[in-house]
C-alpha cells in the first residue's frame, strides 16, 4: 500500500457522490457530505440514481458509467456491495474511490459516518493511502463464441442456482488439467474477495497487495478437495459437464447467467485496477480484527483485568 502519490491528489476539485438506495441514514450522510464539500468551494456531481434520493433541486448529475470521466474523486456512501457496484463502472476511468460505511462489515467502505468529514478533509488535502486492487474479468463461451462477459472486484462464482443438486465441472489452470469435481460450485476470488464469500467457504485470507487468486470449492464431494492459491497472472477455465441442473455463474453476486453442457467460463485478471483510497492510519490487520472479531476474548479479558 502506498502513501499519497496520485497526480490528482492536489486537484480533487470535482467530486462524485454515489449512495446506496432505500436507506435513510445514507441520505443523511450524503447531505452532510454534499453541504460540506460545497462549503469548501468544491464542485459536486451526483450519479443519476443517487440524485433521486436527496432533497436537492438543480444539482448536476451524470450516469454511473460516465461519472468517472467528469470527476477527480468518487465518494461512495453505503456498504461494500455499493462500492463493488460502483467499482465496476469506474475502474476503466482510473477514478479514485473512497467509501463511507453505511452497511454492515465495511471492509471496503471503511470510514465511519461519524468520522466522515474529518477523514475526507485529510484526503482532500492529499493525505491518504492508495490501495490498488485488481479485478477479474470473466467470459462465458460456447463453441468459441462469447455469450456473456463481466468484471468482478470480489469474485466469480460457479454455483447450482436454486437447486440443491451438485454440479459437475472441470478445472484447468494455464491450460493444465487440474481436476474434475462434483460440488456445489467454485469461488474464484481476488484478494479483495478473500474476506467475503470465499472466507465463508473456508478459503484463505489474502493480503490486498498479493498478486494471487484463490479457488475455493463449495462443499466438494471429495474431502481432499481444498482451496488452491494461484498466481495472479493465471488463466482459469471451467468446463461444464453433464448435470441434472443448469449451473450458473455470477460476478460479485450481482447477476447470474445459466450455463449449458460444454460451455466454458474463462477467468483472468482484468487489465485495470481500482484506485481505492484510505485515510491516514489505515491498517488491513486492524480491519480484520475489527470486522472479523479477532482478539475479542482477549480484549474482553484485558478489559476485565483493567477494571
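Each position is counted from 1, following the chain as shown.
Glycine is treated like the rest: Cβ placed from N, Cα and C.
Quick look at what Swiss-Prot lists:
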- 80-81, 85, 154-155, 165, 182, 184, 195-200, 254: NAD(+) binding site (BINDING)
- 80: active site, proton acceptor (ACT_SITE)
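Feature map: annotations from Swiss-Prot on the structure.
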residue: 80; record: NAD(+) binding site; DSSP class: helix
residue: 85; record: NAD(+) binding site; DSSP class: helix
residue: 155; record: NAD(+) binding site; DSSP class: strand
residue: 182; record: NAD(+) binding site; DSSP class: strand
residue: 195; record: NAD(+) binding site; DSSP class: helix
residue: 254; record: NAD(+) binding site; DSSP class: coil
Close in space, distant in sequence - residue 199 (NAD(+) binding site), Cβ under 8 Å, 6 or more apart: 205
Cβ neighbours of residue 85 (NAD(+) binding site) where a neighbour is any other Cβ within 10 Å: 18
Candidates 80, 155: member of the binding-site residues with the richest Cβ shell (10 Å): 155
Cβ-Cβ distance under 8 Å to residue 197 (NAD(+) binding site), same chain, at least six residues away: 154, 155, 157, 187, 189, 253
Binding-site residues compared (195, 254) - highest count of Cβ atoms within 10 Å: 195
Tertiary neighbours of residue 182 (NAD(+) binding site) (same chain, Cβ under 8 Å, six or more apart): 166, 167, 168, 220, 221, 222
